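Beneath this line is the structure, given in structure tokens, with notes to follow.
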Amino acid sequence: MTRTLRLFRHTRLVFVRSAQPWLRSPALHIVAVFSPLLYLVLFGPLVKNALPPKVDAWQWFVPGMLMQLTLFGAAYAGFAITPELRSGVTERLRVTPVSRLALLLGRVLGDMAQLVIQGGVLLAAATAFGFRTPVLAVVLALALAAVLGAAISSLSYALALTVKEENKFAPLLNMMLVPLMLLSGVLLPMDNAPGWLHTLSRINPLSHVVEALRAITAGHYGSTAAVQGTLITVVMAVVCGLLGWRTMARNQA
Amino acid sequence: MLKVRGLTKTFRSRRNTVKAVQGVDFDVAEGELVGFLGPNGAGKSTTLRMLSTLLRPTSGEAVVAGCDLLADPNGVRNRIGYVGQGNGAGAGLRVGEELVMQARLYGMPAAEARSQVTDLLKQFDLEGMDNRTVSTLSGGQRRRLDIVMGIVHRPGLVFLDEPSTALDPQSRSNLWEHIRSLRDRHGTTVFLTTHYLDEVDALCERILVIDDGRIITEGTPDSLKTEVSGDLVTLHTGAPAEAATVIGHLPGAREVTTDATSVRFRVPRGDAAVPVLVRELDRIGAPVEAVSTQRPTLDDVFLTLTGRSLRDAEAGAGDGAEQE
């Protein structure tokens with residue numbers, strides 16, 4: 001068996017294993033979509049007044065919620081691995097000839113599939129509020145969100161494998177997620193921000209991802225915002241993926 | 001099956017350096033059931049983790065199941081089974097799924113993996129548990145599942161790290177049966193670590209005793225007891241002093257102590273020494289009133305070799321000694 005074929009087989013096995021819990025309890029998806037839905041209902045109506053009059057509030061706000069769903073969903077992926085690290089599951093898998101890349105890829109693909117389903121539910125629910133977008137845009141937006149999810153969940157696994165304990169992992173995540181989200185311009189437009197805040201938000205790669213999602217859902221597939229945001233997302237996925245791989249492959253558990 | 005030479009592992013952290021394993025040499029032949037006995041923190045698990053590719057040795061070399069540990073770790077992984085101290089099956093998953101997935105990671109085709117899993121579950125008294133969620137199993141069942149998981153790909157060599165820790169006495173002896181049958185039915189070479197004397201006594205044909213990162217002796221449990229400690233003989237007699245003199249001339253007798261009515265000593269074969277002694281003491285007029293011989297325990301062996309009993313060694317093994 002060639003290396004590539006084996007990597008493929010192993011990735012599929014790890015993917016199926018990691019998908020098992022949420023395939024069996026679909027209710028988990030509803031729980032995951034609940035918080036962005038609350039934002040739509042309870043925060044969405046406030047957004048209108050903060051936006052320039054020409055901009056449609058839902059067209060502006062929903063792509064941001066898709067980003068937020070992806071960010072939080074993927075960031076918590078690491079919580080699946082800490083109990084396995086402690087109980088001996090990770091150790092058991094490391095003794096098998098499974099490729100360490102497959103251990104990461106299988107899980108990350110599982111997370112991506114999960115995020116696509118949840119993102120789809122969110123976008124469908126948003127149409128009830130008056131959000132409209134072409135089918136092609138839905139496909140592209142979910143694909144971009146999935147790539148972002150791959151980056152964030154790889155990073156989450158790397159972090160979880162390094163800190164090892166939930167009670168350290170959780171506050172660390174919070175510390176990183178809150179500023180990332182606030183500075184991404186998901187809740188309110190950053191155009192009105194003071195200079196320093198605006199600069200900070202430009203440095204945050206996630207604000208470019210959100211802009212790309214907005215451009216895509218508006219049907220501007222070839223726009224600078226869409227292309228630039230997509231490139232940034234892909235680079236993030238590659239860098240975080242390599243980091244996750246390195247952590248998985250590290251000598252000591 | 002196993003050839004280990006000069007294996008060492010040193011853990012370095014900012015604050016201290018722990019020499020967990022300080023040069024270990026041993027061989028295990030095919031089909032042997034060998035126990036690695038020592039107190040917690042002696043370096044047993046670290047050695048096992050090195051031999052199963054989980055830890056990179058600081059120095060030394062080993063050939064495991066025919067593959068060089070350092071040059072071909074993947075070859076080693078393909079040929080060994082490893083059952084760690086923890087539970088290898090994911091708590092929220094189903095027994096059958098985890099086992100089939102494990103077999104398929106070793107390249108076993110799906111259909112073969114399923115029939116192999118069915119067979120093994122039956123053999124390990126877990127029949128019909130395929131669809132149970134792992135977390136609903138009892139401690140003994142879960143431990144047997146761990147072992148099934150370690151052998152599902154039919155390895156020639158299996159490492160078991162403290163297999164019976166935290167099990168109740170009944171589950172323990174049941175587990176020992178299964179471990180024995182692994183070797184007897186499949187010819188699997190079994191190498192296990194334990195800090196329980198009764199476990200090696202009940203299970204292992206040969207033991208390696210490790211303390212402080214070094215192997216201090218090896219042999220069969222019986223030979224170690226005989227050669228290292230010997231039987232403890234207690235004689236009750238009216239003339240302990242005279243008896244002690246006679247005993248002093250007995251080949252192999254040592255640790256002779258007397259009190260007002262009895263003499264105690266150790267001798268390699270108490271059963272053979274007593275008849276001779278009884279006749280001799282009769283002849284010199286110091287008749288024996290009662291006699292008892294006691295086979296030494298492996299704890300006596302450990303005590304003789306290290307000057308501490310296993311239990312003391314446990315208590316003395318400070319934190320940080322058994323680090324990962």
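A Cβ is built for glycine as well, from the same backbone N, Cα and C atoms used for every other residue.
Feature annotations, courtesy of TrEMBL:
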type	residues	note
TRANSMEM	A:27-46	transmembrane segment
DOMAIN	A:27-251	domain 'ABC transmembrane type-2'
TRANSMEM	A:58-81	transmembrane segment
TRANSMEM	A:101-129	transmembrane segment
TRANSMEM	A:135-160	transmembrane segment
TRANSMEM	A:172-190	transmembrane segment
TRANSMEM	A:225-245	transmembrane segment
Residue numbers, six or more beyond the limits of the transmembrane segment (A:135-160), whose CB comes under 8 Å of its CB atoms: 63, 66-67, 69-71, 73-79, 81-82, 85, 104, 107-108, 111-112, 115-116, 119-120, 123, 169, 172-173, 206, 209, 212-213, 216-219, 221, 229-230, 233-234, 236-237, 239-241, 243-248
Same-chain residues near the transmembrane segment (A:58-81), Cβ under 8 Å, at least 6 residues beyond its ends: 18, 32-33, 35-36, 39-40, 44, 47, 51, 90, 107-108, 111, 114-115, 118-119, 122-123, 126, 129-133, 141-142, 145-146, 148-153, 155-157, 159-161, 166, 169, 173, 176-177, 180-181, 184-187, 189, 206, 209-210, 213-214, 216-218
Residues from the same chain, set at least six apart from the ends of the transmembrane segment (A:101-129), whose C-beta lies under 8 A from its own: 7, 10-19, 22, 29-30, 32-33, 36-37, 40, 44, 58, 62, 65-66, 69-70, 73-74, 77, 80-81, 93, 138, 141-142, 145-147, 149-150, 153-154, 157, 241, 244-245, 248-249
Within-chain partners of the transmembrane segment (A:225-245) [C-beta distance under 8 Å, separation at least 6 from its ends]: 100-101, 104, 108, 144, 147-148, 150-152, 154-155, 157-158, 205, 208-216
